[in-house]
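Student: Okay, these came from TrEMBL:
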DOMAIN    63-215  domain 'Glycosyltransferase RgtA/B/C/D-like'
TRANSMEM  9-26  transmembrane segment
TRANSMEM  82-103  transmembrane segment
TRANSMEM  109-127  transmembrane segment
TRANSMEM  170-190  transmembrane segment
TRANSMEM  202-225  transmembrane segment
TRANSMEM  259-279  transmembrane segment
TRANSMEM  291-309  transmembrane segment
TRANSMEM  348-366  transmembrane segment
Amino acid sequence: MRRVPGRPVYWIYAFVAVGLALRAFHYLRCPSLWHDEAALIINVLGLSFREMLGPLLRDEAAPPLFLWIERAVVLTFGDGEYALRLVPFLAGCLSMVLFASLARRTLGPLAVVLAVGLFAVADRLLWHASEAKPYSIDVLIAVAAAWWYVRTEGWPLWKRCVPAAVVAPFAIWVAFPTCFIAGGLLLGLLPAAVRSGWGGRLAYVGLAAAVFVPFVALAIGPAAAQRTADMDSCWTTLFPDYSRPWFVPVWTVAALCEVARYCFLPAGQVMILFAFFGGRAMWRRGERDRLRVIVLAVPLFLAFVAAFLHKYPVGGSRLEIFSAPMFCILGAEGARWGIPALAKRSRLLAVVAIVLLLCPFVQTAYRTVWLEHRAACDEAAAVVLAHRETADAILINHWEYEYYFRALPPGAWRTWNGTFTADDTAAPRIWVVHTSVPAVPAFPFPLPDGWRVRETWAVRHTKVFLLDRGE
């Protein structure tokens, strides 16, 4: 491990503490479920372990082992939000600690402080650590793979490969991007395999098999079963359009910019430039650092290869959050060299670069004060549960309410598109919970004959309407 002298060590510890505190803050405040998170939870609560290997409800896609873990947590601790989000939260905290160790082993004193600081406060890393989705585990596996590679440099190859081979099958089935991350690790270990004896080469082949076989089983099994036409329609812009071949290079650049922006909102595109210069600086230092760059950068490259094959969507979405550790490491190294170089040419450019690098800190400070941007579905559901009568009908327009109304008897609620049925109007009262951004100013659909809006409640991006027959 590189020794980090003097005060930078204290900054590292401080940022780790801040990162852990922010993750705990967002987890403990228990934000309302969001659309895709609710869809995953519906599968966790509604399907058996075996059914989770096949097509999922609500056109959802999720790694089977992650679904199994979530189901096991529910059976052990219950189906509350804290239980459902526990594993991603713990993964987020562990990745914070492990990333600090990785950065200290990889970067110099100033660069390591910047890298750990960015990782600690990146808005998307914080939010994904407080939701029942696998993206926090994606990040943990990316950090763990790079950390293991750097930590075991100098070890016999078989000692590096055997533990990784034991973990790889589980990692591939708990996080889809593991196949890309493992590809980077295998390429990083390849020169050592070429120089190694037969024992090391056999261990390397074993690691490759431990990656390839579970990946193929996942690809032709659960992953293929989960893919639907509706899902593909949502991903259209996250694949290159070969009907316009001249636009593919533009799409590639735009997708890369969107990946970086998403990882480090609101101006993460600047990380591409710094990561390029950081990677180039490390590449020139010799084989050891070149292989580190490969381990860090190849996973995102492989994701783009999969996108070109229309197998894995790439763009400004959570699906590439696993690349955040790479941008932190290479971007911090690039900033260490690039900002002084910019200052020699133009102090203004250097100041602009520093401001852009600090944007994630401002973004997180803002989001910590102004917490919510998603619909308050939990509050809307609480209104209905507090005031409903047994015979009331409940109409919802978002999946989140399927979770919040899970304790109600079957048939107590249904999804709707604005059309009332005879069963609805047979009830003495009708609750309509309508979520939209922005929230509708008034009841948005024609009322049944003889019915009126008796009362309205407004919460963030949602209106709750109580309908009854007018006197």
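Please read every residue number as a count from 1 along the shown chain.
Cβ coordinates come from backbone N, Cα and C, glycine included.
Since this is a predicted model, take the numbers as computed values, not measurements.
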Student: Of the listed stretches 82-103, 202-225, 259-279, 291-309, 348-366, which one has the most C-beta pairs under 8 A with the transmembrane segment (170-190)?
Tutor: 291-309
Student: When you look at the transmembrane segment (348-366) alongside the transmembrane segment (259-279), do they share 3+ Cβ pairs under 8 Å, ignoring any pair fewer than 6 residues apart in sequence?
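Tutor: They are in contact.
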Student: As a test: from 82-103, 109-127, 291-309, 348-366, pick the stretch that has the greatest number of Cβ pairs under 8 Å with the transmembrane segment (9-26).
Tutor: 109-127
Student: On average, what pLDDT score does this prediction assign to the domain 'Glycosyltransferase RgtA/B/C/D-like' (63-215)?
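Tutor: Here the mean pLDDT over the domain 'Glycosyltransferase RgtA/B/C/D-like' (63-215) amounts to 97.
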